[in-house]
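Participant: Here you go, one structure.
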Amino acid sequence: MSLALNPVAFNLGPFQVKWYGILMATGVLVATLMAINEGKKRHIMPDDFIDFLLWAVPIGFIGARIYYVVFEWGYFSQHPDQIIAIWNGGIAIYGGLIAGLIVLLIFCHQRMLPPFLMLDIIAPGVMAAQVIARWGNFMNQEAHGAKTTLSFLESLHLPHFIIQQMYINGSYYQPTYLYESTLNLIGLILILSLRHRKHLFKRGEIFLSYVIWYSAVRFFVEGMRTDSLYIANTIRVSQALSLILFFGAIILWIYRRKVVKPKWYLAGSGLKYPYNRD
């Protein structure tokens, strides 16, 4: 029996509420709650994470859209009216992450908060949000890999509804969203299980662990996708950026250990909680 999964969850008058949006919102909520909970242990107030979120989410979406438009400029230069039509699709996670990082650095400077500690606290939640939001691609039947066979998908022992959803226009496709979501879930479990061990992570290293893990996963998965953004029609943008981030994070980790010598992550912010900025 065919299981047709509708990307639209429900309608509000003339507006469609899609599962992709619901899953993204759920991911943001989970990330926020995780950051607030961990932040209390590291002596960072919940209000700081909520205030950061109010800036980071909208600017992150703008960054994700700008990133996509820049690398699809051949199309958007001919259809400038579509540049702001984000409701038609077209955002890129790396653009959102870059924009969010810029917001965080400015926010930490204004609030006098340690940026690497904030990154450490926020990174696992971001990873959890990515695990959840990738299922929006599943509901939309997008961001998939190349054509494959029913027998291959069955050999992965996938639930029938996943296999059925990968049947698009008469062919089966690789569920790359599932590969990325699963691998990120493994990375998230590892980070969460290790981050509270004494004398393991110094400040900034949980964030760098996330960068190393995600960039490796994205490089692998991006090579399988059929909707990649390209540079000069030859180089996959996300693979190139993943390589830069992977090696850049390793170099920064070594540099900070040998030269900067940061505090241990478990030492927290050093601020008296709850603190007063007046």
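From the backbone N, Cα and C atoms, a Cβ is placed for every residue, glycine too.
Feature list, courtesy of Swiss-Prot:
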type     : residues : note
TRANSMEM : 19-39    : transmembrane segment
TRANSMEM : 49-69    : transmembrane segment
TRANSMEM : 86-106   : transmembrane segment
TRANSMEM : 112-132  : transmembrane segment
TRANSMEM : 174-194  : transmembrane segment
TRANSMEM : 204-224  : transmembrane segment
TRANSMEM : 235-255  : transmembrane segment
Participant: Okay, the transmembrane segment (112-132) and the transmembrane segment (204-224): do they have at least three CB pairs under 8 Å, pairs separated by 6 or more?
Facilitator: yes
Participant: Would the transmembrane segment (86-106) count as touching the transmembrane segment (19-39), i.e. at least 3 C-beta pairs under 8 angstroms with sequence separation of 6+?
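Facilitator: These two segments do not touch.
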Participant: Is the transmembrane segment (86-106) packed against any residues at least 6 beyond its ends, judged by a Cβ distance under 8 Å, and which are they?
Facilitator: 52, 55-56, 59-69, 71-72, 115, 118-119, 122, 126, 130, 140, 142, 229, 237-238, 241
Participant: Apart from its near flanks, which chain residues at least 6 from the ends of the transmembrane segment (112-132) lie with a Cβ under 8 angstroms of it?
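Facilitator: Residues packing against the transmembrane segment (112-132) from afar: 23-24, 26-28, 30-35, 38-39, 42, 44, 48-49, 52, 93, 97, 100-101, 104-105, 180-181, 184-185, 187-188, 191-192, 195, 201, 203-207, 209-211, 213-214, 262, 265, 268-270, 277.
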